[in-house]
Amino acid sequence: MKQDLRIRFCDGLSASYAVQEMEITNVNEYDAIAKQKLPKMIYDYYASGAEDQWTLQENRNAFSRILFRPRILIDVTNIDLSTTVLGFKISMPIMIAPSAMQKMAHPEGEYATARAASAHNTIMTLSSWATSSVEEVASTGPGIRFFQLYVYKDRNVVAQLVRRAERAGFKAIALTVDTPRLGRREADIKNRFTLPPYLTLKNFEGLDLGKMDKANDSGLASYVAGQIDRSLSWKDVQWLQTITKLPILVKGVVTAEDARIAVQAGAAGIIVSNHGARQLDYVPATISCLEEVVKAVQGRIPVFLDGGVRRGTDVFKALALGAAGIFIGRPVVFALAAEGELGVRKVLQMLHDEFELTMALSGCRSLKEITRDHITAEWDKPRILPRL
């Protein structure tokens, strides 16, 4: 895929992008293309982190402090990347994280992402702040989809969202728990970010939102953000289980203490996440928190990783530290901005191929063969090697 960064609009509804000059060889390159294509306000919304953005950089940098210990002379003719997540068989442990307002990146937005995930037989998580509704995403065809949920002051709104996700065939709830208030994202403050007036948060259309003064669709976005319940507690995780039979993944755990409570509260799984470094700055990278959470859970529920994954090598490192799978966010919206559904498909394919190669070069033929012994991390004590 080559890119000259010019937009060519087709039929006024979808955009395809001419390709010249640069061959896309890895996921990171879509970032620069998206920055060229998108209005500054929209690119900054997707790309920026909280305050000094230290955690945003650390989410990536921490992966470089984990090195491989590859095993050799192992027959890697056949490599199996498939796995099972909450009972659902998928082609690889690489899934799509919830990213809000994807139609800002491309006219087809979440539709394109859903089709790309389905084509690769992997899981898409739909943001509750999506610019396409659960019903619209379900209409794109078959696929395994999770629904990301915030808890709002009005629990009736929460119940309505959950019921709609259930009816639309979504298979799990990813409950975001690290957002009692939105983090301070200074780029959005400088840009006076607002949802473009031609878009709306589709999952909130038709809901009983109580009394609300909504002048326009972008006003809905501001209203919804202000309705997140600051009093959210573990009791609400248990309450959620009383209104749905869907498994609940707790998204936003970064400590052993909270991991143990999540297990006790009946969570079906944990997503180690710092909200893409958009909430509390100077929290550690998620890859740095992962092993602590995995050890605390003791295999009772699966642990997933969200944050900073840009290479197949990153996927391998996460699985070696105990993750059952990973979720990607920004690479999806950047590829969406560049090439729509085709871009998202390419991102998934590139990560798949890099991960498969990493497995082969590490001497692993299946996910179960990826172990802690295949890596060494900066926090490890010096290894005492056996005498020959």
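Each Cβ is built from the backbone N, Cα and C atoms, and glycine gets one as well.
As written in TrEMBL, here are the features:
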type	residues	note
DOMAIN	19-380	domain 'FMN hydroxy acid dehydrogenase'
BINDING	Tyr45, Tyr150, Arg185, His275, Arg278	glyoxylate binding site
BINDING	98-100, Ser127, Gln148, Thr176, Lys251, Ser273, 306-310, 329-330	FMN binding site
ACT_SITE	His275	active site, proton acceptor
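Using a 10 Å Cβ-Cβ cutoff, Tyr150 (glyoxylate binding site) registers 21 neighbours. Each residue contributes its Cα atom, and for Gly308 (FMN binding site) and His275 (glyoxylate binding site) these two points are 11 Å apart. Cβ neighbours of Arg185 (glyoxylate binding site) (same chain, under 8 Å, six or more residues apart in sequence): Tyr45, Ser48, Gly49, Ala50, Arg278.
Cα separation, Pro98 (FMN binding site) to Tyr150 (glyoxylate binding site), rounded: 12 Å. The subset of binding-site residues (Ala100, Gln148, Lys251, Arg310, Arg330) lying with their Cα within 10 Å of the Cα of His275 (glyoxylate binding site) consists of Lys251, given in sequence order. Long-range Cβ contacts of Asp306 (FMN binding site) within its own chain (separation 6+, distance under 8 Å): Ala97, Lys251, Ile271, Val272, Ser273, Gly276, Thr286, Ile326, Phe327, Gly329. Tyr150 (glyoxylate binding site) and Ala100 (FMN binding site) have their C-alpha atoms 12 Å apart, to the nearest angstrom. For Arg330 (FMN binding site), applying a Cβ distance below 8 Å and a minimum sequence separation of six or more within one chain yields Asp31, Tyr46, Ala47, Ser99, Gly276.
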